[in-house]
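Below you'll find the structure, written out as structure tokens, and then a few comments.
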Amino acid sequence: MRSRRSCLAVPGSNPRFLEKAQGLPADEVFLDLEDSVAPLAKEGARKNIVAALREGDWSGKTRVVRVNDLGTQWTYRDVIEVVEGAGEFLDCLMLPKVEDPTQVVWLDTLLTQIEKANGLEVGGIGIEAQIENARGLVNVDAIAGSSRRLETLVFGPADFMASINMRTLVVGEQPPGYTEGDAYHYILMRILMAARTHDLQAIDGPYLAIKDLDGYRRVAGRAAALGFDGKWVLHPTQVEAANEVFSPSQEDYDRAELILDAYEYYTTVEKRGAVMLGDEMIDEASRKMALVVAAKGRAASLGRTTAFTPPTA
Ligand code: GLV
Ligand code: MG
């Protein structure tokens, strides 16, 4: 699986941003043709994006292009121009405002045709589906299972809040007047369950108050704690924060590797099922939890600072 702790939004209409994004340490960049690009700038943005993908240095990053949603007149040309122009330099397309599985199937079929016609590996280009309205959330399980190309489900809070008439104008913050808990909890969990059911990643969307880094960390930390894999970043200052929040702490990573080693030792050498590690009892379920944290730590290139020493007889 590709690492997607930080997913950087880059408007396709802005060549300066397309250039600058290449130097930032984001795990993913998505070059946008949708809501950050004005209607009259869409055609020029397609050309900018094709040129940036072909000529830019995106090494180490997952390269994604967000096309326009299927309610517009732009989607099919977005897909054809971008994939014919730069298909071999592209990892995924992001489809916004997905409402039902047939929309993903449409994109999958079109991609297959373009790949065949252009000598690209069939199935090589993945899909990221944005869930950003009530219909998309109600159909999220079917959407998550609709194509083998799907790699992630992405929550789109701005469009989502508008779609359900939530009384807030600050994306990512709690609606004033609601004091019962986290207004986003159900939506995030719903998306996460669908993603995990189909082995997809779950990505949280944007936080628009780009000057408020503490707010970003708080909201990102909430999604990371639930199990989300990453979050959008709209500004360079948010990149480091996302990479940090979605990586395990050094302490948790060390502990996870220790649990894996200890469990391996006791179950194979001493042939015991449930064992003690310090004050904590660990078993097969603890091993699974440790695997998740260890995998995230390894993906974030953390190194171990402690080693397991088997007890001496
Ligand atoms: C992102 O696309 C959003 O609507 O929040
Ligand atoms: Mg949106």
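In case you wondered, yes, glycine gets a Cβ from its N, Cα and C as well.
Note that the structure is a prediction, hence the values are computed from the model and not measured.
Residues annotated as domain 'HpcH/HpaI aldolase/citrate lyase' in TrEMBL: 5-236. Here TrEMBL flags Arg66, Glu132 as substrate binding site. Annotation source TrEMBL lists Mg(2+) binding site at Glu132, Asp159.
The Cβ neighbour count for Asp159 (Mg(2+) binding site), using a 10 Å radius and every protein chain shown, is 19.
A coil conformation is recorded for Glu132 (substrate binding site) in the three-state DSSP classification, outside any helix or strand. Looking at the domain 'HpcH/HpaI aldolase/citrate lyase' (5-236) alone, the prediction's average pLDDT is 97.
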